[in-house]
Amino acid sequence: MGSQPNNSSSQSPTSHSADEQDDQTIKLIFLSLIISVGIIGNSLVIVVVKAIRGMRSTTNYLLVNVAVADIFALVFTIVHSIIRRSLSSYHSLSKFAQNLLCKFIITNTMTLVPFAATVLTLTLLAVERYRALVKPMTSSSRLTVDRIAYVITGIWSASFALVTPLFATIVYHPNVEGGAYYCNYGNAEGGIIIYIYCFVTILLLVPFIVIAFCYSRIIYCMFIKKTVFNNPSERQATQQEIIEKRRLVWLLVALTSIFFVAFTPYGIFLNYETERRKQ
């Protein structure tokens, strides 16, 4: 059923439709601009680390993984926006295509995979910096360049596994309300509510606690206790190397803080939606 014209308005339905179309076009252009800048910026990080041999450290490889995850998230977001705006109707598609669009595109679920990869990578970065600066004598179990490929593969595998329940349960709803399609969780509504609580806990609450502990200890030992560069393994470091390590710590703190400030509202929203579904 189509929406009825509002008789109290002096504008025609055609005028309303044209205005809405213009608004959507402007939003899409603005979103595309932001995404383009994000892709270019993250690509530069990857190119620089690849081009300069001296930058091929475990920390920089993990930062590259964050950049790759950001690029994937941006690409998935623009694909989601374009498809939602370009397809006027999904009812003519096959059931397989409808479910596929719901699982991966319409609900924008695919962006949760790089989101999870970013969180896990930032957590690992914090732990590695903590072990390198606060616990440098435990170098036997430290992450090395030789192991980094396996670790990054594990991060992406775990990220995909964490989102798999959504891929498995989201389906296209056959009923039509107000002339529009919608996707839901089928018969798994109760299980998904529990899953969302676990998802937010695993990917926001626990990482935040771990990261906050690691960086607070690093800052305390570096600037208050002043023990970070006084251990035997760090005494040979030059003043410039010490300054660079401190800058790296602040960079990682800033990067992680921005990420959590940006995505904590999303976690709160997920919990809110979960509570609303329970009512």
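These residue numbers are counts, starting from 1, taken along the chain as shown.
Glycine is no exception: its Cβ is also placed from the backbone N, Cα and C atoms.
What TrEMBL records for 1-20 is region 'Disordered'. Residues or ranges marked as compositional bias 'Low complexity' by TrEMBL: 1-16. What TrEMBL lists as transmembrane segment is 28-49, 61-83, 103-127, 148-172, 192-215, 248-269. As annotated by TrEMBL, domain 'G-protein coupled receptors family 1 profile' applies to 41-279.
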With pairs restricted to those 6 or more apart in sequence, evaluate whether the transmembrane segment (248-269) and the transmembrane segment (148-172) have 3+ C-beta pairs under 8 Å.
-> no
Do the transmembrane segment (192-215) and the transmembrane segment (103-127) share at least 3 Cβ pairs closer than 8 Å, excluding pairs fewer than 6 residues apart in sequence?
-> yes
